[in-house]
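Colleague: Sharing the feature lines straight out of TrEMBL:
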type: ACT_SITE; residues: HIS72; note: active site, proton acceptor
type: BINDING; residues: PRO168; note: substrate binding site
type: BINDING; residues: ASP248, THR251, ASP256; note: Ca(2+) 2 binding site
type: DISULFID; residues: CYS41-CYS120; note: disulfide bond
type: DISULFID; residues: CYS74-CYS79; note: disulfide bond
type: DISULFID; residues: CYS126-CYS324; note: disulfide bond
type: DISULFID; residues: CYS205-CYS232; note: disulfide bond
type: SITE; residues: ARG68; note: site 'Transition state stabilizer'
Amino acid sequence: MGGKGMMMVAILCLWALSATTTEAVTEAEPGLMMNFYKDTCPQAEDIIREQVKLLYKRHKNTAFSWLRNIFHDCAVESCDASLLLDSTRRELGEKEHDRSFGLRNFRYIEEIKEALERECPGVVSCSDILVLSAREGIEAVGGPYIPLKTGRRDGLKSRTDMLESYLPDHNESISVVLDKFKSIGIDTPGLVALLGSHSVGRTHCVKLVHRLYPEVDPSLNPDHVPHMLHKCPDSIPDPKAVQYVRNDRGTPMVLDNNYYRNILDNKGLLLVDHQLAHDKRTRPIVKKMAKDQSYFFKEFTKAIQILSENNPLTGSKGEIRKQCNLANKNH
């Protein structure tokens, strides 16, 4: 074979090797995709759905927990189930931080994990359980069904030191809240839709009393104040006491656009709710969502999809935890 022929063979070999290497990398790092477990655990999403339904039947408030979980986990740098990790001797777990006050029902995530481990040991991540249980919880309380990708892997450590940077506080200005969501790709309609989660669940009195004592916030609807004072009779409530006000007295267990009508009527419980209804950047969207639930659901769906895909660990990154509250090295 001549020199040109040898060179052509070498080029072809290199091309074949390059293609094989690229294909191998692609296979090793597939990223998120729809129905990620179709071959490795075909029943995974059905098992999560059935478990969430069973738990919701027994404990209605689990639906609110699933919804809060996706926000508190995925908004903090990565959607990697770091929220679920217990505190260790070296670091405080995210769920023990002040910003996580009121989060609960983590034990039910473990029940779902155990059901999946019986079917497909070591296959389904806690991150995907957290995200898919949120989807099922949203649907259980009347929200839209949201198609979500899977294939996340679990983080190895808590991100407690980052909570203040990523999670907006209910007392922060709407500008700060908008900026924090924009940093993970959620636009203004998306933020307004996500705060529609306040249509369900409850707000603890410790988050409300500054609007009631020593003087009632004049921006609150006076017709709503007696109920709030009745539910929160102490200016310094016991944080361990279960004292709260329902976010929406009209349809407290339904994710709907009643929230927007309430905040336009100055019945929002948190300062962020009030600001949302009155800031010139968000008020037109609030008014549109108050009139059109399908628009609210459309923007809510997009926002949850973006949130759930925030900087996930995939491929060879992270791990598949054996137990959702412990990294495998601590198991």
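The first residue you see is number 1, and the count goes up from there.
The backbone N, Cα and C atoms fix where each Cβ goes, glycine too.
What you see is a predicted model, and the numbers here were worked out from it, not measured in a lab.
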Colleague: For the C-alpha pair, I'd like the distance in angstrom between CYS126 (disulfide bond) and CYS41 (disulfide bond), rounded off.
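Modeller: With distance taken Cα to Cα, CYS41 (disulfide bond) is 14 Å from CYS126 (disulfide bond).
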Colleague: Whose Cβ, among the disulfide-bonded residues CYS79, CYS232, has more other Cβ atoms within 10 Å than any of the rest?
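Modeller: Within the set of disulfide-bonded residues, the most crowded position is CYS79.
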Colleague: Return the residues near ASP248 (Ca(2+) 2 binding site) by Cβ distance under 8 Å, restricted to its own chain and a separation of at least 6 in sequence.
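Modeller: When sequence neighbours closer than 6 are ignored, ASP248 (Ca(2+) 2 binding site) has HIS198, SER199, VAL200, ASN258, TYR259, ASN262 within Cβ distance under 8 Å.
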Colleague: Going by C-alpha distance, which of the recorded positions HIS72, CYS79, CYS324 is nearest to PRO168 (substrate binding site)?
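Modeller: Nearest candidate: HIS72.
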Colleague: Enumerate same-chain residues with a sequence separation of six or more from CYS41 (disulfide bond) and a Cβ-Cβ distance below 8 A; give 'none' if the list is empty.
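Modeller: Correct list: LEU116, GLU119, CYS120, VAL123, VAL124.
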Colleague: Reported as an integer number of Å, what is the Cα distance between ASP256 (Ca(2+) 2 binding site) and ARG68 (site 'Transition state stabilizer')?
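Modeller: Each residue's Cα considered, ASP256 (Ca(2+) 2 binding site) and ARG68 (site 'Transition state stabilizer') end up 16 Å apart.
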Colleague: Counting Cβ neighbours within 10 Å across all chains shown, tell me which of the disulfide-bonded residues CYS120, CYS126, CYS205, CYS324 comes out on top.
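Modeller: When each Cβ's neighbours within 10 Å are tallied, CYS126 tops the list.
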Colleague: Quick one: which of these recorded positions, ARG68, CYS205, CYS232, THR251, CYS324, have their CA within 10 A of CYS79 (disulfide bond)?
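Modeller: None, since no candidate lies within 10 Å.
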